[in-house]
């Protein structure tokens, strides 16, 4: 009898160790089940949507939460504003509008090159001269691509159209 008592104790210890290892393995497996498809707490909503739907939405495409965001935050109302004249600016002054590109693409610089000194092709020079009577080009956005050879500053032939908020409480910010 004295020989069987230690064996019975070893059996319980070995069964306890096996049960403990099984519980640890089941816990690790359960942890993997609780995060489906690799979604972790650090996953962005865009990546989570891609994992769930099988593709990533485009940057300008509305997300799954966009309808809710639109309900909570009323959209800003904008009106169109046509710019027919662009004033010269001093180098180093603040920008009164969002960044569109290099200042010299639209503005003349005070103390800089004179008007008409921008590079233009002979065809562009003819277009610029014809636009002195009446602007030949259609209204364009500040971010529009140039569909013709260089012809000096865009404002000479085109009116520039921007969207300006109707409610100016937050300051005058363009929407391009």
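Our numbering is plain: 1 for the first residue shown, then up by one each step along the chain.
Every residue gets a Cβ built from N, Cα and C, even glycine.
If you look up Swiss-Prot, you'll see 154, 157, 158 marked as heme 2 binding site. For 89-109, the entry in Swiss-Prot reads motif 'MCR (magnetochrome) 1'. Feature annotation from Swiss-Prot assigns motif 'MCR 2' to 140-160; the stated evidence is a curator's inference. As annotated by Swiss-Prot, topological domain 'Lumenal' applies to 31-176, with the evidence given as a curator's inference. The feature transmembrane segment is assigned by Swiss-Prot to 12-30, with sequence analysis given as support.
Sequence features annotated in Swiss-Prot and their locations in the structure.
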{"residue": "154", "record": "heme 2 binding site", "Cβ neighbours (10 Å)": "17"}
{"residue": "157", "record": "heme 2 binding site", "Cβ neighbours (10 Å)": "21"}
{"residue": "158", "record": "heme 2 binding site", "Cβ neighbours (10 Å)": "20"}
Heme 2 site shell beyond 154, 157, 158, criterion: Cβ within 8 Å of Cβ centroid: 131, 135, 137, 140, 151, 153, 155, 156, 159, 160
Three-state composition of the motif 'MCR 2' (140-160), taking helix and strand from DSSP: 3 helix, 3 strand, 15 coil
Secondary structure composition of the motif 'MCR (magnetochrome) 1' (89-109) [DSSP: H/G/I, E/B, coil]: 3 helix, 2 strand, 16 coil
